[in-house]
């Protein structure tokens with residue numbers, strides 16, 4: 001019991017680290033868009049992919065055997081290419097939205113990624129949820145609704161853009177692509193490795209975003225009045241984005257894509273608290289209430305483990321690999337028909353990797 005409590009606290013703490021990184025990404029993007037009129041969403045993503053390439057792709061290049069870069073490309077290069085394109089455009093759409101809508105709107109509408117991840121996890125990862133999970137998601141979204149109510153009550157405008165609807169639509173489209181990317185990331189880091197995912201994102205992300213940058217933003221980069229302030233903002237954005245990409249697979253392997261995205265809801269509150277000092281936003285006690293409601297929802301969601309349906313099409317290859325029969329597994333208590341339970345503690349029950357062709 002004590003270990004379960006500790007695991008829950010660690011999971012919540014790791015999620016808040018990700019939220020702080022998201023807050024940093026949002027603040028630097030907003031400053032670049034508003035104060036320096038930097039219309040460079042592709043360039044900002046390109047900087048992150050270059051860092052991933054230098055650290056993780058080169059790591060794969062020097063590995064031996066089946067985990068080598070060339071071996072991975074030979075097996076499934078086209079899958080990573082598609083995933084890289086999805087990730088690039090998700091970043092582009094959300095960063096682009098900061099030019100048209102508010103900081104709060106961007107991070108509130110990002111909540112749309114949660115139902116996307118739930119649906120994709122249900123149909124493609126075969127994750128099955130219990131009542132506690134749906135209640136937890138509902139409570140988290142209720143906390144987000146409190147935050148919206150606080151904005152309305154204090155009359156906070158936060159510098160709304162003239163084309164706010166366009167910005168909101170860009171966020172929704174980006175959130176949908178993020179949902180696809182996150183579910184694929186969860187599958188890869190739990191069945192292969194974190195370095196493989198990040199290395200492939202660095203390879204294809206830097207290549208295709210470099211092409212997109214040369215076509216769309218080369219004139220914009222020349223137009224910018226470069227100085228130390230704008231340079232620091234780009235460095236800060238790149239550091240936060242690189243930290244988010246590097247750290248998120250660690251948290252996702254421990255929990256799930258859904259749990260990670262629920263944790264990221266608190267990033268909205270961190271952005272608002274920063275706005276109190278940086279943009280002189282008005283304070284409302286509802287902000288604190290929404291924070292505690294979101295944390296309560298996270299605790300409810302994390303308090304119960306999900307389980308996986310054993311679809312014969314997915315597990316056919318696994319059963320043909322000569323793995324130990326189900327009777328050899330340790331007794332886990334009464335199971336529902338044709339399901340396998342998973343736990344937040346990945347070290348207790350190590351499931352053999354499942355590869356889907």
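The backbone N, Cα and C atoms fix where each Cβ goes, and this holds for glycine too.
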Q: Check each of the ranges 195-216, 327-348 against TrEMBL and return the one annotated as transmembrane segment.
A: 195-216
(Q) With a cut-off of 8 Å between Cβ atoms, can you find at least three pairs linking the transmembrane segment (195-216) to the transmembrane segment (46-65)? Only pairs 6 or more residues apart in sequence count. (A) yes
Q. Cβ pairs under 8 Å with the transmembrane segment (260-279): which stretch of 77-95, 107-127, 165-183, 228-248 has the most?
A. 107-127
Q.
Six or more residues beyond either end and a Cβ under 8 Å away: which residues meet both conditions relative to the transmembrane segment (46-65)?
A. 71-72, 88, 91, 195-196, 198-203, 205-206, 209-210, 213, 234, 237-238, 241-242, 245-246
Q) Any chance the transmembrane segment (77-95) and the transmembrane segment (165-183) have 3 or more Cβ pairs under 8 A, given the pairs are 6 or more apart in sequence? A) yes
Q) Apart from its near flanks, which chain residues at least 6 from the ends of the transmembrane segment (165-183) lie with a Cβ under 8 angstroms of it? A) 83, 86-87, 89-94, 96-102, 105-106, 109-113, 116-117, 120-121, 124-125, 252, 257, 260-261
